[in-house]
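Can you keep this structure in mind? I'll have questions shortly.
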Amino acid sequence: MRACVPLTVAILCGLAWAGKRESCASRCNERFDRDAVCQCDRRCPQHGDCCEDYEQLCTAEENPKEPELFLELEEETEGAPASSLYLAPNSCQGRCLEAFDKHHSCHCNARCPEFGNCCEDFESLCGHEGFSHSSDAITKEELQSVSEKIYRADTNKARKEDIVLNSQNCISPSETRDQVDRCPEPLFTYVNEKLFSKPTYSAFLNLLNNYQRATGRGEHFTAQELAEQDTFLREIMKTAVMKELYGFLHQQNRYSSEQEFVSDLKNMWFGLYSRSKEERDSSGFEHVFSGEVKKGKVTGFHNWIRFYMQEKEGLVDYYSHIYDGPWDSYPDVLAMQFNWDGYYKEVGSAFIGSSPEFEFALYSLCFIARPGKVCQLSLGGHPLAIQTYTWNKSTYGNGKKYIATAYVVSSTH
């Protein structure tokens, strides 16, 4: 499949037409706007309420080589971009060689020994072959290599004949805010539902009815629903995709055992946190794979299986798309507009035809290797970028961060 407009054009037009309330276009360093969905002032990273394009638009001078990306124009998360999976102010875990930050009580940069303000574990973590040592960093080339291996390992993905997609009307990025249904037919003409009898698909589907989409309403799991989370993790860990991912992360000194890895996946993906007031109303899994509604708009919802099932029930109305990826087989990528039972999604990117474990693996890989950053991968010889965000308002374990969101932002450099 091919992009209906050049991706660079889509980027520029998307940024130019991004609504004042949803983008930092022409808003960088403005004062706090209480009426805006997201913020672009200098303190928004501290408060976790930046617009998604804040880092690309407002920190360009600090990151001059940051690639232009196909950006979603909606508020996805209150988690600000972060350089580390950890929020442990008294530790160097995940912080080795970071830039000096006057707000930290101790430091992990190269000059902290000179000034005598290193964290106590600086020497053990940053001076040797520790978890965060610079020589232990995962390179772009390594990410591209392992993502190709994961791509080849996805034997549970849909075959060409398993899905008939009717993408119909392709619009320009300037039209995404119009909320006009330009596609009279459903997106999915046919899906071979035998796919859903496979263990990982079946376990994945069992999770989707465990959530209520409105933020502000607390999530409370039954014993059965908690068991379904364990079943899903157990089933995907049997696949070549997840074995490839774990083997890579183990080799990179991220995890010492599969048990540690699975435990961390459960926390980062299924751990609950609050996107609204005090209620624990959200998780990375719910946001990314099931979808949520906040302030009258769809957020998250980046999964084709969820989309198909909701469309089949008449709850999703496909409106249009602005991007169709270059892959001529599955998985592919589609960036689309749709209405979810009364609520609009302005730009939602999703893999199409991938197995649950494939998406889970790539998003996890990028969150672990490039938390809060753009993650450059390669699939079938085509470049692909994934953006993740960390949840910064609460943590688990020793200051580790939850997943706020993860989604495809580009399939070109």
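Every residue gets a Cβ built from N, Cα and C, even glycine.
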Could you identify, going by Swiss-Prot, the member of Cys118, Cys119 that forms a disulphide bond with Cys112?
Cys118
Could you pull the disulfide partner of Cys44 out of Cys38, Cys50, going by Swiss-Prot?
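Disulfide pairing in Swiss-Prot: Cys44 with Cys50.
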Counting every protein chain present, what is the number of Cβ atoms, excluding its own, within 10 Å of the Cβ of Cys118 (disulfide bond)?
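There are 19 such Cβ atoms around Cys118 (disulfide bond).
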Using the structure shown, find which entry in Cys44, Cys51, Cys58, Cys96, Cys106 (the disulfide-bonded residues) has the sparsest Cβ neighbourhood within 10 Å.
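The disulfide-bonded residues Cys44, Cys51, Cys58, Cys96, Cys106 were compared, and Cys106 has the fewest Cβ atoms within 10 Å.
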Within 10 Å of Cys40 (disulfide bond), Cα to Cα, which of the recorded positions Cys50, Cys92, Cys96, Cys106, Cys119, His302 are there?
Cys50
For Cys119 (disulfide bond) and Cys92 (disulfide bond), determine the Cα separation and express it in whole Å.
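Cα of Cys119 (disulfide bond) to Cα of Cys92 (disulfide bond) measures 6 Å after rounding.
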Three states by DSSP: which one describes Lys345 (active site)?
strand
